[in-house]
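Student: Okay, handing you the structure first.
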Amino acid sequence: MDSSNSRLFITYSIVVIIVMILMGTVIIPLLSGNERIIAILTLVGGLIIFFVLIYNIFEKYIKPVRSAARVAEQLVKGNYKARTYVSHYGEAGKLSNTVNALARSLQEMTIQERMQGNQLRTVIDNMESGLMLIDERGYVHLVNRKFEAMFGKNANQYIGYLYYDVLDQENIHKAVQEAFLYEEKIKNSFTISLEVEKRYVEIVGAPIFNDTKNLKGAVLVFHDITELKRSEQTRKDFVANVSHELKTPMTSIRGFAETLLDGAMEEEELREQFLTIILNESQRLQTLVHDLLELSKLEHDELKLNRKLINISSLLDDILPIVSHQAQQKNITFNTTVKNTIEIVADPERLKQVFINLINNAINYTPNNGNISLSIETIDMFVRIIVSDNGIGISEESRDRIFERFYRVDKARSRNTGGTGLGLAIVKHIVEAHQGSIKVESKIDKGTTFCILLPKQ
Ligand SMILES: Nc1ncnc2c1ncn2[C@@H]1O[C@H](COP(=O)(O)OP(=O)(O)O)[C@@H](O)[C@H]1O
Ligand SMILES: [Mg+2]
């Protein structure tokens, strides 16, 4: 029994004792002898019975009811962990059981609600797009993590403020105003400059309505479309480059054909000279188209490599006669070192292309009487291919760009050797499709070394 219960119990007991004493003082003087003793005994017995009764009523009814009331108070205050002590008797027992059941289900409900809240928060925070929620008066109510990352401040610098006070992009203001004004979804894109970077952002604003179709605010979603724009730009550049590259030989073919028809055809010497040019230019055109097709095939069938277990030595048997012949023409010494039998799971045709492109470059960009070497060895789970030359080398600023399509350090020189500027782009593509890596080291006028690592499997 806690203190307030004991106090109540003591009060009741004192009242009963006083009543008994009063009854005693009234009745006893009126009696005599044995009657007195009987009366006293009856009073004392009555007192004891009263005590037992009061105690029972307390334990079985008053205490559980008071405890249930206290728990109900706690529940009202939001403390759903509160439980009443369980009485086993009658109505009071039912009451305490019901109160406890109520408390339990309230507690479960809040746990579920909190879990759902957390889930929603996690989803919102891990979205790939920025999100902002504003009410009908323009106050920001919610921003997610991506939004913070995009605009660079943290949530409490936005939440509770008017959107136009915390965001200075006119396009965002326009999007919100349009969503409010036209009460329909709007789409808009703009650029924002963050730190050093310029990012392209697409914004979608949608008004929010309540059950009675009244405007309650707007939700704005920000997609970062920088990568998309970038690849769009690359594609545009590529198309421009292709057209340009195709135009040069085509103009030349047409020009010489016209000159021939205009009369140059009559002169034996000119005829031969011009036809040779036309032949060379058409060959250039052919290689260019071939390389372009190769590149686009690689891009589309990246996953469709025709992998099989191949022996590097037998692969080289197909290539070496051709490239050695080219090297001989420039009197270039060509050394090959293949350590033991090396086997690799790869696409043989593609791998041949890698060797041919690298060795051709080495020959093309090395002056007469130079040296070229090809060495292949296994290192742990990898095959390492090194192609090096002692040719003209590549400057540091060009080194990062040589793998780009159409990038050539010296356009004229590359063109003279039949280069299209696509060779290394193709090589890199193939290597990466095989989960390998390619690196280049070079010193101007000292030479260049390409190093490829390919996983054996
Ligand atoms: N071994 C090398 N030595 C010097 N420069 C090289 C070498 N390999 C490639 N390059 C440079 O990289 C450019 C790109 O090579 P590549 O993609 O094969 O195109 P290209 O058709 O011009 O050979 C070349 O134009 C050349 O300037
Ligand atoms: Mg090349």
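The count begins at 1 with the first shown residue.
Even glycines carry a Cβ here, placed using N, Cα and C.
Below are the features listed in TrEMBL for this protein:
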TRANSMEM  9-31  transmembrane segment
TRANSMEM  37-58  transmembrane segment
DOMAIN    59-111  domain 'HAMP'
DOMAIN    116-189  domain 'PAS'
DOMAIN    180-237  domain 'PAC'
DOMAIN    241-457  domain 'Histidine kinase'
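Help me see these features in their spatial surroundings.
Tutor: Long-range contacts of the transmembrane segment (9-31) within the same chain: residues 1, 39-40, 43, 46-47, 50-51, 54-55, 58, each at least 6 residues beyond the stretch ends and with a Cβ under 8 Å from a Cβ of the stretch.
A Cβ distance under 8 Å defines the sequence-distant neighbours of the transmembrane segment (37-58), meaning residues of its chain 6+ beyond its ends; these are 1, 5, 8-9, 12-13, 16-17, 20, 23-24, 27-28, 31.
Across the domain 'HAMP' (59-111), the prediction's mean pLDDT works out to 86.
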Student: Tell me the residue counts in helix, strand and coil for the domain 'PAS' (116-189), as DSSP assigns them.
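Tutor: Here the numbers are 37 helix, 16 strand, 21 coil.
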Student: By DSSP assignment, list the helix, strand and coil residue numbers for the domain 'HAMP' (59-111), in that order.
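Tutor: Helix (H, G, I), strand (E, B), coil: 40 helix, 0 strand, 13 coil.
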